[in-house]
């Protein structure tokens with residue numbers, strides 16, 4: 001049997017496995033939720049990967065496929081959404097009131113940091129966003145300009161509002177979704193969504209698509225996670241506004257794609273898009289379990305390791321120079337699972353996933369039709385890792401470790417606050433003051 005035929009059989013089998021998973025997921029419980037969105041995206045990536053595998057140009061980018069890496073990848077991805085699967089089969093209908101004003105203060109801080117970034121967006125509007133539609137080289141030039149400064153990334157803090165804003169960018173979406181369930185925080189909800197929009201515009205100015213795409217995927221997954229807690233009117237409005245917003249967002253993304261890849265010989269823009277979106281599972285199959293070494297956690301736990309070690313690379317440029325022996329680096333996508341196997345090796349990666357997602361599974365189990373906000377936060381984190389990393393990499397690596405720290409602090413506060421409320425319940429008057 002020809003190698004091309006074997007490759008297609010394996011890639012199609014991997015795709016069909018996710019199709020079967022989607023059918024199983026909805027066999028008894030027909031509700032569409034975050035798990036539905038994640039599995040659907042995996043199916044979409046699988047379809048596109050087959051197109052890329054058979055592309056006359058990009059097929060040469062991949063080695064022959066084998067069976068076990070697909071089995072490993074599927075198992076790890078299923079393990080990563082285990083808390084969401086459990087929530088799907090044991091659904092809740094309401095979110096318990098956390099009775100805290102800290103979320104309001106946190107939201108205001110995020111909004112202020114976002115507003116402080118507006119002058120930078122305005123100053124770059126003419127040379128950045130507008131130029132994308134008037135100059136075919138604008139996206140490529142902006143990307144090359146940002147790439148030149150990559151060697152200085154992570155070395156020092158130069159813009160504190162931007163650092164804080166980026167650290168809380170995913171939490172901003174979480175809070176905006178939560179406030180939408182309340183129907184009583186319209187101003188703060190609107191301002192939070194404005195800051196989310198600012199976060200989407202920032203990568204566009206630098207000619208980058210990944211930040212835009214991961215933000216859109218996070219909003220998509222976040223909506224599916226919160227959908228059942230929203231009333232019908234809010235659901236309808238969000239769907240309509242969301243469709244229009246996504247259409248507008250895709251315009252600059254398309255312009256960046258044309259600018260960066262439109263003039264390359266030997267491949268069409270469609271071919272480049274297929275390779276960009278579908279490469280994750282293919283490169284994982286080729287290198288994820290045997291990349292020629294490990295990075296010793298220096299991508300996925302970069303900031304944490306820099307606290308205790310002095311020789312940890314500060315950015316991807318230094319890391320690629322430190323590990324030239326690796327057969328693949330983070331220039332290519334290997335999914336979030338690949339980031340962990342390349343960092344720690346396939347066995348340690350399994351242990352890490354079992355510990356983390358086993359703990360999340362235990363902590364998100366519910367016994368009533370109500371879910372606490374800290375449990376919902378864990379489900380949201382699970383969704384973000386899988387939704388953002390199914391095509392890409394582990395999106396909380398390098399300086400984005402700060403996002404992990406913000407998650408830990410927010411979860412710790414909400415959990416500790418719940419324990420305090422159980423020991424010292426608020427009376428009705430105190431609850432009104434808290435709100």
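Even glycines carry a Cβ here, placed using N, Cα and C.
Note that the coordinates shown come from a computational prediction; the quantities given were computed from them, not determined experimentally.
Feature list (source: TrEMBL):
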- 6-25: transmembrane segment (TRANSMEM)
- 32-50: transmembrane segment (TRANSMEM)
- 70-90: transmembrane segment (TRANSMEM)
- 102-122: transmembrane segment (TRANSMEM)
- 160-180: transmembrane segment (TRANSMEM)
- 187-205: transmembrane segment (TRANSMEM)
- 211-230: transmembrane segment (TRANSMEM)
- 242-262: transmembrane segment (TRANSMEM)
- 344-362: transmembrane segment (TRANSMEM)
- 374-394: transmembrane segment (TRANSMEM)
- 400-416: transmembrane segment (TRANSMEM)
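Against the transmembrane segment (102-122), the recorded stretches 160-180, 187-205, 211-230 differ in Cβ pairs under 8 Å, and the greatest number is found for 160-180. Note: the stretches the transmembrane segment (374-394) and the transmembrane segment (6-25) are not in contact (fewer than 3 CB pairs below 8 A, sequence gap of 6 or more).
Sequence-remote contacts of a segment are chain residues at least 6 beyond its ends whose Cβ falls under 8 Å from one of its Cβ atoms, and for the transmembrane segment (6-25) they are 35-36, 39-40, 42-43, 46-47, 49-50, 53-54, 62, 64-67, 70, 73-74, 78, 85, 88, 281-282, 285. Beyond the transmembrane segment (344-362), the same-chain residues lying 6 or more positions past its ends with a Cβ under 8 Å from any Cβ of the stretch are 72, 76, 79-80, 82-83, 86, 288-289, 294, 296-297, 300, 337, 378, 381-382.
The stretches the transmembrane segment (211-230) and the transmembrane segment (32-50) meet in space: the count of Cβ pairs below 8 angstroms, excluding pairs fewer than 6 apart in sequence, reaches at least three. Long-range contacts of the transmembrane segment (400-416) within the same chain, counting only residues at least 6 positions beyond its ends with a Cβ under 8 Å from a Cβ of the stretch, are 98, 100, 102, 106, 163, 166-171, 301-304, 372-374, 377-378, 381.
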